[in-house]
Structures are given as structure tokens and as C-alpha cells.
């Protein structure tokens, strides 16, 4: 696995440019099992970053609806969804190697053939690798809320990002977000409502009930017992 999560960018004078990113690269230690999964299963399910569009049907070896998940953590929900929906192709992106290793291990144990994994900045992947109007769904579950006001600019859900997502969705494709931080949910709703070309699938024009397609996580179940809320938002590309 080529472990270049971000691609260096330079100005016309050769000086490195600094892009505001929604994540901090944490060099977590890999367990032996995670390292074994990276060594053994990355060649089968892993996808290296390239700064050019990829043919998604060739990538999966078949033509099927494509779901892109950004920031899958340890991959538990992603593997469950891929196992429950063999008629769909799933592409997961995560920047932290331990999560990639854990997901590869779980996917192998589940015998999945409809899942591909990337370890790179999702914004760069969307910008450069994903063809226009090629995705049936984009999933963004529990992204870092960046609680402090001075860090809000790091939140991944910003107008340029949701415009980028829209351009990669097919007409009728859906952008599904979930967060357990109410101020971030309100921020998501405000940003999404301000971008033309999206239709809010909520009957109340705000949040939707958790669809069965999104598995409950252990963290979420614990939060429910403690009375914590979770907000799901689903917006369809209409043009």
C-alpha cells in the first residue's frame, strides 16, 4: 500500500501550498492482525490513488450501482452494508491505516467481492479519480465535528465540498450524512439547503429517520441508552 494520504501541491514558484483539511493524520499503531490484512488483502481490495479518472466498472469487474463511503472508521458498518447488498458496489475511503487494516480483515472474513478500499484524502479522490455523475450514493457518517468555533472551517461539509459531491452523483443519486452533534447537524442542513440542485428527502425539510440501510453502531447504541441524539440527512441530486 502506497501510504501517501495527501498529494503535495505547489504554487508557480514551487512553494508548498497548505490546504485546509477535515482530518488530522494520526499515526496509530497497527495490530498484527491489521498489518497482516494490509499485507494479504490490500492487493485484492485496495485501490491506489491516481490523479486521473478511474473506470469504476473495471475497478469492480462488473456494472452495478456504486456507493461511496467517506471516512469509514474501522469499517464495521461498511462491511455490513456491503454484505447486505451484494447487488451494489461499495468504495470506502479512510485516511487512518489501522481502520483500513481492520476493514480489510472484516471484508475478507465476510467473503466480500463487492468492496474496494482506499487510503487517501477523500476530497482529492473525488476531485481527480471519480468520474462525473457516476455515483448512486455518497455516505458520510459521523465525520469529525470540530467542536471549537475556530476549527469550524475544518468541517468537511462546506459549500465547495457538497458542490463537488453533487457533480459526482448521478441525477437521482443521494448524499446521506449522519452526525451525533446537533450543532454540526444544523450546520449540515444550512449548507445543504443553500446549494441548488439538491432535494431534501425529509418531509419536514430537515432530518430523516435513520434508514434501515445504515446499520446502528455500538457507539450509537450506547448513545441512545444515554439519551443522545443522532441526525440523518439525505439529499437527492435533482439536476
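The backbone N, Cα and C atoms fix where each Cβ goes, glycine too.
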Which range of 138-143, 144-149, 150-155 is region 'Interaction with RNA', per Swiss-Prot: 150-155
Between residue 180 (substrate binding site) and residue 94 (S-adenosyl-L-methionine binding site), the C-alpha gap once rounded to whole angstrom: 19
Intrachain C-beta neighbours of residue 217 (substrate binding site), sequence separation six or more, cut-off 8 angstroms: 76, 77, 142
C-alpha spacing of residue 219 (substrate binding site) relative to residue 144 (S-adenosyl-L-methionine binding site), in angstrom: 14
Rounded distance in angstrom between the Cα atoms of residue 94 (S-adenosyl-L-methionine binding site) and residue 218 (substrate binding site): 19
DSSP state at residue 218 (substrate binding site), helix/strand/coil: helix
